[in-house]
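Down below is the structure, laid out as structure tokens.
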Amino acid sequence: MATPIDVVIMAAGKGTRMKSALPKVLHQLGGRALLAHVIDCAARLSARQAVVIAGHGAADVEAACAHLTRAAGDARQDLSLKFARQEPQLGTGHAVQQALPLLADDGVTLVLSGDVPLTQPATLRALLEQCDGQRLALLTLNMADPTGYGRIVRAGTQATAQASSQVRAIVEHKDATEAQRGIHEIYSGIMAVPTRLLRGWIHRLDNKNVQSEYYLTDIVKFAVADGVAVVAHQITDAAQVAGVNSPVQLAELERVYQLRQATALMEQGVRLADPARFDVRGTLQCGQDVEIDVNCVFAGQVSLGEGVRIGANCVIANATIAAGAVIHPFTHIDGEKLGVQVGEGALIGPFARLRPGAQLGAEVHIGNFVEVKNSTLAKGAKANHLAYLGDATVGERVNYGAGSITANYDGANKHRTVIEADVHIGSNCVLVAPVTIGQGGTVGGGSTITKDTPPGALSVARGKQVSLPNWKRPVKVSKG
């Protein structure tokens, strides 16, 4: 039977260098909180539970965890999420001590950092294999500039780090000697340790160090003293253990994350004009032969069908775009809670806006400066320029003229407009809801329609044209 995994996530830090009132672990990377990435990673390990240790902004952190965006199909729904508070913050060892009452001795405790979002589940599985329920396993990395990191001190010499030699200690940078500071192998902040051993070692910690803190890393010397093997799983991918302590570091890690998203999509066959000018802030699923131009942002849950083409500078959130659709440049699609559906072969934009609840059928055309909100457009309907469709049901092959709008709001409530199949709406019309335009009807340009119109009828509602011959324009009066 596999040893149960209990994950402890360090999320108590203030993040002073972020210069923000928002707790550091709630700052976003790829459209999701740093902490959300870590929790999802824990879930993909099939962990029994995750204990989030909160401190600074604890109430905000705990509340946010209930609303963190889930990746499609992830296992987080099966992860038991619990909380412990570290008040005051007296070091990493003190932090883990707050979680101990929630941990059972039959498991392995995996310690992660809430501000280290790019660690991969495969890396942690390898670390857990090294632990094997009986060893203290550390995730380490060789760094050209290890300043600020705890150094891995191995048997034999303190100035070198041979991967084959026994780990003897972790020395924090501020407590390290000059010789120890010459070591380039660093501790990532991630470890796996049998909980029954961790419990005893935590209670032996003291704060006799430069920072007067209880270091979790001191358990290494206790393990050595007790004859417990201390092993290191060394990786080469620095981004997997990179933490966020400032807006600069957050921006740097964002670009790493986005490039990895872009690379994964291109390996699936997606054609990106420039992977350096592409952002995914949620999840993006693409069919075969999808093309995406530069400076596009995808947020929430977005699905692109086969052969979809996305023009430059588009923002698309929470939308499903069917095969063969073309989204021209500068289009904004935001499905929010209701979602947006774009049918096969539809043409959208440029400069179009699709708002929540827009449901567009096959071969629908939505042109420049057209806004659609909470409306259904059937196959072949067209609104090619300068128009608004809100709370409307539009039939097949409708042509909706430039400058026309549905007046859907009476100051208190929204009302629906129904435009039946094969209707032609002239330019600059106002359809005052609730109203129905009968099948095959025509509304003359400039009309304000307030009553239902019968099928096949021409409906015109506008003031009579008056022309005054020999009209003299007013002359501007000279002042002084």
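Positions of Cβ are set from backbone N, Cα and C atoms, glycine also.
Here the structure is a predicted model, which means the values were calculated and not measured.
Here Swiss-Prot flags 1-247 as region 'Pyrophosphorylase', drawing on sequence analysis. Confidence annotation: the region 'Pyrophosphorylase' (1-247) carries a mean pLDDT of 90 in the model.
Within the same chain, residues at least 6 positions away in sequence whose Cβ sits under 8 Å from that of Lys24 (UDP-N-acetyl-alpha-D-glucosamine binding site) are Gly13, Lys14, Gly15, Met18, Leu34, His56, Gly114, Asp115, Val244, Asn245. The feature UDP-N-acetyl-alpha-D-glucosamine binding site is assigned by Swiss-Prot to Lys24, Gln86, Gly91, Thr92, Ser113, Gly114, Asp115, Gly150, Glu172, Asn245, Arg355, Lys373, Tyr388, Asn399.
In the three-state DSSP classification, Asp115 (UDP-N-acetyl-alpha-D-glucosamine binding site) falls within coil. Feature annotation from Swiss-Prot assigns Mg(2+) binding site to Asp115, Asn245; the stated evidence is sequence analysis.
For 248-268, the entry in Swiss-Prot reads region 'Linker', with the evidence type sequence analysis. Residue counts for the region 'Linker' (248-268) under DSSP, helix first, then strand, then coil, are 20 helix, 0 strand, 1 coil.
The region 'N-acetyltransferase' annotation in Swiss-Prot covers 269-480, and the record cites sequence analysis as its basis.
Around the Cβ of His385 (active site, proton acceptor), 18 further Cβ atoms fall within 10 Å across all displayed protein chains. According to Swiss-Prot, the feature active site, proton acceptor maps to His385.
For Ala402, Asn408, Tyr409, Ser427, Gly445, Arg462, the entry in Swiss-Prot reads acetyl-CoA binding site, with the evidence type sequence analysis. If you take the C-beta of Tyr409 (acetyl-CoA binding site) and look for same-chain residues 6 or more apart in sequence within under 8 angstroms, you find Gly390, His415.
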What subset of the binding-site residues Ala402, Ser427, Gly445, Arg462 lies within 10 angstroms of Tyr388 (UDP-N-acetyl-alpha-D-glucosamine binding site), using C-alpha positions?
Ala402
Rounded to a whole angstrom, what is the largest C-alpha distance between any two of the residues Lys24, Gln86, Gly91, Thr92, Ser113, Gly114, Asp115, Gly150, Glu172, Asn245, Arg355, Lys373, Tyr388, Asn399 that the record assigns to UDP-N-acetyl-alpha-D-glucosamine?
71
Cα-Cα, whole number of Å: Arg355 (UDP-N-acetyl-alpha-D-glucosamine binding site) versus Asn408 (acetyl-CoA binding site)?
15
Starting from His385 (active site, proton acceptor), work out which of the binding-site residues listed here (Glu172, Ala402, Arg462) have their Cα within 10 Å, and give them in sequence order.
Ala402
Just jot down the residues in the same chain as Gly91 (UDP-N-acetyl-alpha-D-glucosamine binding site), at least 6 apart in sequence, with C-beta under 8 A of its C-beta; none if empty.
Asn207, Gln211, Glu213, Tyr214, Tyr215, Leu216
With a 10 Å radius around each C-beta, find which of these binding-site residues (Ser113, Asn408, Ser427) has the fewest other C-beta atoms nearby.
Ser427
